[in-house]
């Protein structure tokens, strides 16, 4: 019984890594750091409804954020998104 609980806990705790790791593989890196503007949109893990903005590689696009999790390609306004991600 203890082993089954342990394995269930390990599996449950590894789910966020299974979701996050592929996104990091597809991201671009600059000076060893992830370029957040190259990350895909990620609505997160919760079911709340926040209108946010992400950079899609060309422009800033609105998406729904659930309120928890996700990645850093998430901005409260289009202006903040463009300021951080748009290339001059």
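Each residue, glycine too, has its Cβ placed from N, Cα and C.
Residues or ranges marked as disulfide bond by Swiss-Prot on the basis of sequence analysis: 37-85, 60-81. Look at Swiss-Prot and you will find 37-85 tagged as domain 'BPTI/Kunitz inhibitor'. Per Swiss-Prot, signal peptide is recorded for 1-27, and the stated evidence type is sequence analysis. The annotation site 'May bind Kv1' is assigned in Swiss-Prot to 39.
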*To the nearest whole angstrom, state the Cα distance for the pair residue 37 (disulfide bond) and residue 81 (disulfide bond).*
9
*Within 10 Å of the Cβ of residue 81 (disulfide bond), how many other Cβ atoms are there?*
23
_Cα-Cα, whole number of Å: residue 60 (disulfide bond) versus residue 39 (site 'May bind Kv1')?_
12
_Distance, residue 39 (site 'May bind Kv1') to residue 81 (disulfide bond) (CA atoms, angstrom)_ = 13
*Please report how many Å separate the Cα atom of residue 85 (disulfide bond) from that of residue 39 (site 'May bind Kv1'), as a whole number.*
11
*Inside 10 Å of the Cβ of residue 60 (disulfide bond), count up the other Cβ atoms and send me the figure.*
23
_Just to be sure I understand, if DSSP states are collapsed into helix, strand and coil, how many residues of the domain 'BPTI/Kunitz inhibitor' (37-85) fall in each?_
10 helix, 13 strand, 26 coil
